[in-house]
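This report concerns only the one structure given below.
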Amino acid sequence: MSVIKMTDLDLAGKRVFIRADLNVPVKEGKVTSDARIRASLPTIELALKQGAKVMVTSHLGRPTEGEYNEEFSLLPVVNYLKDKLSNPVRLVKDYLDGVDVAEGELVVLENVRFNKGEKKDDEALSKKYAALCDVFVMDAFGTAHRAQASTHGIGKFADVACAGPLLAAELDALGKALKEPARPMVAIVGGSKVSTKLTVLDSLSKIADQLIVGGGIANTFVAAQGHSVGKSLYEADLVDEAKRLLTTCDIPVPTDVRVATEFSETAPATLKSVNDVKEDEQILDIGDASAQQLAEILKNAKTILWNGPVGVFEFPNFRKGTEIVANAIADSEAFSIAGGGDTLAAIDLFGIADKISYISTGGGAFLEFVEGKVLPAVAMLEERAKK
């Protein structure tokens, strides 16, 4: 994948526009989870260190486009950055007709979604963004699958368009896992619905030596083997699709499960064979034997791609399956890449972040890359690298 990298450029004295992913949860004016800002800090610090005139921006939440709304302001992010950086940091609300930035100063441009035409990749808006800078740095992998003015359009018109360190690392890690993986390659796809992950399952069934399914997805595969799943979340209309995948790829289906009669944090868990699920029960986790089988598979893997838990790990009684799988990935010597919101929450819960080779910051973008789709922002950077 050939793109210009920010790390290959001399940014001294240049006006640098960084599109980061600073879309963080905010409560009462305070950032409540700083993972995305922390991930973006090295890019910002590198540009400042090089003596660039640095602007950074992002979307935050889902405001009505074209309207300022204090609730979605980047002010909490600015306050966070002021605490972390020794450089002066200021928020600029109106910047489309130009902004003065001093060397060594960080200017945060207010939420891009306050600008009319952002989501539609409006050409006039894209040109206004591009006029603000000498170098455009796309560093928001999480929005690379969307063709929007601040992620895609600006890059077509800026003098130079490049990939920031975070985006470059993400593309390298995903390329390593998907293009020429060390084998055996094991892919774990969890989550509630087969329908939302069908193309992912299909793509991975062609790449992975072993495909592991978990959560509600696994229930559809259990049903495909002719077992009753009781009141479990599953998709009856996709049972035939699950049967097809079982014939094309090695997919271990749970042999034992943890069930409950209600979907509740306090519901007691009953461990039983997959043959014995009653009509009033729902499967909320895989059983110990199934979890150990998966742990063995993961122990021998050379590449692991992990997207989604294998049970309702948010409920302590139904956490064990995901915990065993998570620890097996952490203990494995394989190159491991993990992505998706639930997966990141599980990694935090079990404290294994430092044992995963690469943690992807992109949710939808991560899945679309895995599906083999072209990400508009990446395609734009590749195109600009040719000029």
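Positions of Cβ are set from backbone N, Cα and C atoms, glycine also.
The ATP site in Swiss-Prot is built from Lys197, Gly340, Gly341, Asp342, Thr343 plus one of Glu170, Glu314, Glu368, namely Glu314. Per Swiss-Prot, the candidate among Arg146, Arg183, Arg244 that belongs to the substrate site alongside Asp21, Leu22, Asn23, Arg36, His59, Leu60, Gly61, Arg62, Arg113 is Arg146.
Using a 10 Å Cβ-Cβ cutoff, Arg113 (substrate binding site) registers 23 neighbours. Spatially, by CA atoms, the binding-site residues Asn23, His59, Arg113 include one closest to Thr343 (ATP binding site), and that is Asn23. Each of the binding-site residues Asn23, Thr343 was assessed for Cβ neighbours inside 10 Å, and the highest tally belongs to Thr343. Asn23 (substrate binding site) falls within neither a helix nor a strand when secondary structure is assigned with DSSP, and so counts as coil.
In this entry, ATP is bound by Lys197, Glu314, Gly340, Gly341, Asp342, Thr343, whose most widely separated C-alpha atoms sit 21 angstrom apart. Rounded to a whole number, the C-alpha distance linking Gly341 (ATP binding site) with Asn23 (substrate binding site) is 13 angstrom.
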